[in-house]
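Chemist: Take this structure, written in structure tokens, and hold onto it; I'll ask about it next.
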């Protein structure tokens with residue numbers, strides 16, 4: 001394994017410390033949050049440029065086809081996402097194994113409507129098969145949903161399978177009438193991203209969207 005001496009976050013990890021999990025309708029038993037994920041060896045954080053070596057792409061392959069992405073391609077896409085400021089890929093790490101075990105992406109869409117508001121999309125949600133039952137599905141979705149609110153999104157949208165509608169309803173999402181399996185959660189409208197989300201070198205960023213949400217667990 002290549003030894004990496006310097007690591008870069010996709011966005012400012014301090015944003016996650018601001019999230020108030022008591023604002024979510026999710027029912028955690030026991031209560032957990034991004035700051036306290038339930039186990040001392042778990043850490044919720046932004047994606048790092050070194051996560052290529054922590055199995056991030058292998059985890060995504062449990063969700064959908066990833067392809068043969070080499071290190072250079074990974075780092076190039078990471079840099080593009082960071083530079084754009086509109087991608088907030090968030091992961092859960094098992095620090096005992098130095099392995100990524102959960103992930104979800106918030107993609108920011110900039111609008112002219114609603115006074116040039118910003119909207120969030122929840123995408124690429126996945127939890128390692130062997131870690132089911134630890135509420136990690138709820139944890140990663142609620143983390144990214146609260147992050148969207150923190151960043152000033154007026155709403156967050158997702159697409160899901162039939163069997164996951166109840167799961168997302170339990171987290172505050174509602175089905176969009178006449179729009180198949182699209183769901184949304186609305187926040188107080190905010191016209192722009194908060195300044196701390198786009199501050200120097202610590203923000204996430206824009207690019208093309210990937211696969212939408214597809215979870216295969218019920219917790």
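Cβ coordinates come from backbone N, Cα and C, glycine included.
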Chemist: Among 23, 186, which residue does Swiss-Prot annotate as binding substrate together with 64, 111, 112, 113, 114, 123, 124, 125, 154, 155?
Modeler: 186
Chemist: Taking 10 A as the limit, how many CB atoms besides its own sit near the CB of residue 137 (acetyl-CoA binding site)?
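Modeler: Neighbour count, Cβ to Cβ under the 10 Å cut-off: 24.
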Chemist: Should residue 114 (substrate binding site) be counted as helix, strand, or coil on the basis of DSSP?
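Modeler: In the DSSP reduction, residue 114 (substrate binding site) maps to helix.
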Chemist: Of the binding-site residues 64, 112, 114, 124, 154, which one has its Cα closest to the Cα of residue 138 (acetyl-CoA binding site)?
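Modeler: Of the binding-site residues 64, 112, 114, 124, 154, 124 has its Cα closest to that of residue 138 (acetyl-CoA binding site).
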Chemist: Is it possible to get the count of other C-beta atoms within 10 angstroms of the C-beta of residue 133 (acetyl-CoA binding site)?
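Modeler: Step by step: centre on the Cβ of residue 133 (acetyl-CoA binding site), count other Cβ atoms within 10 Å, giving 11.
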Chemist: In Å, rounded, how far does the Cα of residue 136 (acetyl-CoA binding site) sit from the Cα of residue 186 (substrate binding site)?
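Modeler: Given the Cα positions, residue 136 (acetyl-CoA binding site) is 23 Å from residue 186 (substrate binding site).
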